[in-house]
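Following: one structure in structure tokens, then a few remarks.
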Amino acid sequence: MRIVYMGTPEFAVKPLAKLISHHEVALVVTKPDAAAGRGKKVISSPVKLFAQENHLRVITPLKFNEEVYQEILAVKPEVIVVAAYGKLLPREILNIPPYGCLNIHASLLPFYRGAAPIERCLMAGEKETGITIMFMDEGLDTGDIALQEKVAINQEITGGELRKILAEIGADLIIEALKRLREGGLPRVPQDHQLATYAPPLKKEDEIIHWADSAEKIRNQIRALNPVPGAYTVFRGKKIKIWKAKVGEFSGKKPGEIIFADRKNGFLVATGERGLQILELQPEGGKKMSWESFLNGYRPLVGETFEC
């Protein structure tokens, strides 16, 4: 099929790679280059870089105006495929392809509609998630469901690891969806909007560890935000990102207070419920390190506290 593909982050690269080996991708639409990092270096999206490497035509519109509409119309797509593009499509664009627009969404809709379904489901401690292929409408992930595939969530998995798994599944599922779409056998099941939950974009405050929360909630926050953007706390006036932790058995101390900091008992910090065993962390301006290396270098004392 002749396809216009819309996507931006790394999650959207795997489906695009799969599509170009099975279909004709006539045009790729992605977000414009943007400044990122401390040096504010201008970088291209992963989808743009992949498309250029594979000699695909790419456009990076700031908004959907008449010029963009005409560019998409000119390639005569049979279907538009979207994966984490980052913008809602106006009706004029949705109405261009005769087979409609399909979205690859990283949750089991109607749950976790929105921009950050992977992080939000991990932060909530969900045991299951998946991929949904849906027919797009003008709403935020409100269209009819075509296909879904469930994935059990290992309680140690990180956001980055889950994203890779879901990208692979999404790539396979969109190929199956397009095959059935062309054959006339792709289902359309309306969502139960009363069951809808939402996954809003991550904010800076989502990165802050609140030690009054339970150890399980903090552990879920840490793994959800690994590797980007990371969850952090403050120790001796400086930020420290915590990359890996597990729930411990100790409780009864002030939240944030160091309970143990030795090789026998590990690095245990009190929370609002139980203790949090810190396994891997990264001081501001430094490299990731094990808890043992942190103890050797910083010598934290029992009774010292991590700030919220």
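Note that Cβ sites are derived from N, Cα and C of the backbone, with glycine treated the same way.
These come from Swiss-Prot:
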type    : residues                       : note
BINDING : Ser107, Leu108, Leu109, Pro110 : (6S)-5,6,7,8-tetrahydrofolate binding site
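Remark: of the binding-site residues Leu108, Leu109, the most isolated position is Leu108 (fewest other Cβ atoms within 10 Å of its Cβ). Per-site Cβ counts within 10 Å over the binding-site residues Ser107, Pro110 peak at Ser107. The record gives Ser107, Leu108, Leu109, Pro110 for (6S)-5,6,7,8-tetrahydrofolate. Within 8 Å of the mean position of their Cβ atoms, the other Cβ atoms in that chain belong to His105, Phe111, Tyr112, Arg113, Pro117, Gly130, Thr132, Asp141, Ile145, Gln148, Gln191. For the recorded site, Pro110 ((6S)-5,6,7,8-tetrahydrofolate binding site), the DSSP three-state label reads coil.
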